[in-house]
Structures are given as C-alpha cells and as structure tokens.
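Asks: From TrEMBL, here are the annotated features:
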TRANSMEM  16-39  transmembrane segment
TRANSMEM  59-76  transmembrane segment
DOMAIN    95-387  domain 'DUF8094'
REGION    118-137  region 'Disordered'
COMPBIAS  125-137  compositional bias 'Basic and acidic residues'
REGION    269-288  region 'Disordered'
COMPBIAS  271-281  compositional bias 'Low complexity'
Amino acid sequence: AQEISITWPNDTSTPWAIPLMLIGGGIVVVGLIVGGFGLRGRKREAERRRARQERRRKLAETGAAFAIVPVIALAGCAPEELPQAEPAPAPTEAGPAVTDDQVTAILGRIGESVATADGDLDAEQLEKRASGPALEQRKAAYEVKDASDDFTLPPAIATDEVLVNHTSATDMWPRVTSVIATDSDSDTTQLLVLAQQDARADYTVWSQTLLQPGAEIPEVADPREGSELLAPDAEGYRLPPAEVAAAYADVLSKGEDSDSAGAFEEDAFVNQSRSNQSSQREALESGGAEVSFDFQGDDAQVSAMAAADGSAIVTGVVETESTITPDSTESTTGTLTIPSPAADVLGETETSEELHQTSTVVVTWVVPAGEDDPIRMVGVNEIFTGASLGE
C-alpha cells in the first residue's frame, strides 16, 4: 500500500515573548517597590509609636499626665496584588492644621522672635509673632520692666521639646493648634495656643500657660487626624467655653460663696489667691486702710478644642484689679506705702490717693462633658500689668 504523509509549515517565531517578559519583569519590579513602601510605612509607624511613648514618659516626669489616642492606623503589609489605578476620592473631612514636623519648626521661629523682643523690650518686634492675651501680657510686662529692673518678664516661649501637638482639624481660618512643650531655663512645661489668622499669615503664640504639678490632661486625637475646634458657645459641657472664665473669676472673688463654686474642682491658684486677699485685708485694716478686689472673666478671648474623651480643653482670660484706699477722716487722710513694682511704674513710693494695681491671668481648664464632673484648672500664667493712682 502506498503511504501518504501530510505536512504543514510550523511557525516557530515568538513575537510576544520579549514584550511579555518585559511586562512580567516590570510587574516584579513594581511589586518590590510597593513592598518596600509597605516596609518603610511599618518602620515609620514604629518610629512614631516610639516617639509618642517617649513624649508621654517625659511629660509624666514633669508631673502632668497627657495621653494620645492614635486614631489613624497605617497599613503594615504590602498589598497582595498590584493595585489598580483609580482617581483619588475627594476628601470628606478636614485635615490637621499643623503636622508634628511643622509645629516644631513654627514653634522654633516663634520662640526666636519673641526672645529677640524680650531682650530689647520691643513691642513692635513682639507683634510679629504674638497675638491675643500673650501679646497683651507681654506688652504690659515690657512697660513694667522698663520702669523696674527687678521685675521678671514672663517665661520664654518653651521650644526645647514638643511633647504634644493638639492640632485642630480644619480647612478654614483662623487655624489653631495647642502645643505642650518644655523650657529648661525656666524649668517649666507650657501649654501654648498657636493661631494663624489667614493662609498668608505667620503663626503667632496666642496664649501661654504653665502646667501645674500633677495636672491631668485628657487624651487627644493623633495629630495626623486633628481635633475639633469648638465654638465659644458650644453646648454639652459643664459650661460653654465662653462662660468658663467669668465663672472662675467669680470663684476667685467669692470663694465657696460663689454660685459657681460647685462647678470647679478645688485648685492651688484659687486657694493662694483667696489666702492673699485675706492677708492683705488684715494687714491694711490694722492701719485703717481698705482693699477691694475685682475679677472679670473675658468672654471675648477664648480658645476651645475637643479632647478624645468628649471633654474640652479651654483657655481663657481673667482680668484682676486691687484697689487700696488710705484711711481718711474729715480732717486727715492717711498715707500708703506703694509696693514694688507699682512704685517703680508710678515713680512714687507713697501716696494719699487710691492705689490701683492690675494683672492679667491666662488660665487653661479641662471642661468635662455633661453636668456631673467639675471643671479642672490645669495651667495658669499671671502677669502684673500696671498701676495707677486716683479714682
């Protein structure tokens, strides 16, 4: 039988081999890069966690307790498959006003500028990096210091180490961030409120309070998320933020007889102030003179930010004035010896007129949510601001 064979041409060319190999190699490279980013992300998160633990440890050493709630968890593993390119979604929430790196740089520039102003008693230089009650306190202190060499200026702005960045989450202005930082020269831990009025303005220090020994400050949100900036009339707290200073002023004035006494936890500043008032009254009454004290809360200057536990961290202002009236009869009027630094400011050591002395007190409180727990004072800074004679 005749054998028949059938053959056909077999194309052995591989036109897609090289492109497919290149594509495959590219996928491997991209996978390695993505994996590297994942590893770097884990390392960065670990570094942040160690830094937060170290800040909490150092803050605890100052006598104040402050915790941070990490509300953002970064992914620790590389994706299992190559991600698909998708358009980024529009942001639904405002981001933090100031990151950790930014706040350190900002605070350094503020501290340097204010230190220059302090050295020259230069109010114009001070205005570049101070605002609100911090500006008012220091400007008044410059005038007193210019007259009285022995007068001590407010502590330098703390810039040695930033322990906490309690920044607001907002996409609008003015922007606010609260910073807890240390100053080795004055051996203080300070709560500083920084403010930026508009997008082109420099941040300024709006207030400076010195944290009290043993002060307990509530947990705050991770600075990468930011915290809510509260309105002065915000409800749901023991008192609205704008009413706290006036209520505290009433306690300073009346003590336990104040209608607001039950709203505040007892604190060392109120106790010391009340004790000083009693001592002055007793000393002056023995000479026939009288003294009165006036405390006024400023509801127009207030900063309030939410904490993670639902409370609010509020900073406000109390203006104080003491008035000493000499002994007076129909025929004679007594003479007062004017204490320093008022004597240096007035250029007199004695007077037969009323003596008025003023100071500005900036206070930070923790205001709890609800109506059960008391408001706690955690920081204060009182500065003598001036003196005058006559009614």
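Note: Cβ is positioned from N, Cα and C throughout, glycine not excepted.
Can you tell me where each of these features sits in this structure?
Replies: Here the region 'Disordered' (118-137) has long-range neighbours at 109-110, 145-146, 153-154, 156, 193, 195, 197, 202-208, 301, 317, 360, 362, 381, 383, 385, meaning same-chain residues at least 6 beyond its ends whose C-beta is under 8 angstroms from one of its own.
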Asks: Could you pull out which residues elsewhere in the chain have a CB under 8 Å from any CB of the compositional bias 'Low complexity' (271-281), counting only those six or more residues past its ends?
Replies: 252, 255, 291, 293, 322
Asks: Take every residue in the domain 'DUF8094' (95-387), average their pLDDT values, and give the whole-number result.
Replies: 94
Asks: Under DSSP, the region 'Disordered' (118-137) has how many residues in helix, strand and coil?
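Replies: When I sort the residues of the region 'Disordered' (118-137) into the three classes, I find 13 helix, 1 strand, 6 coil.
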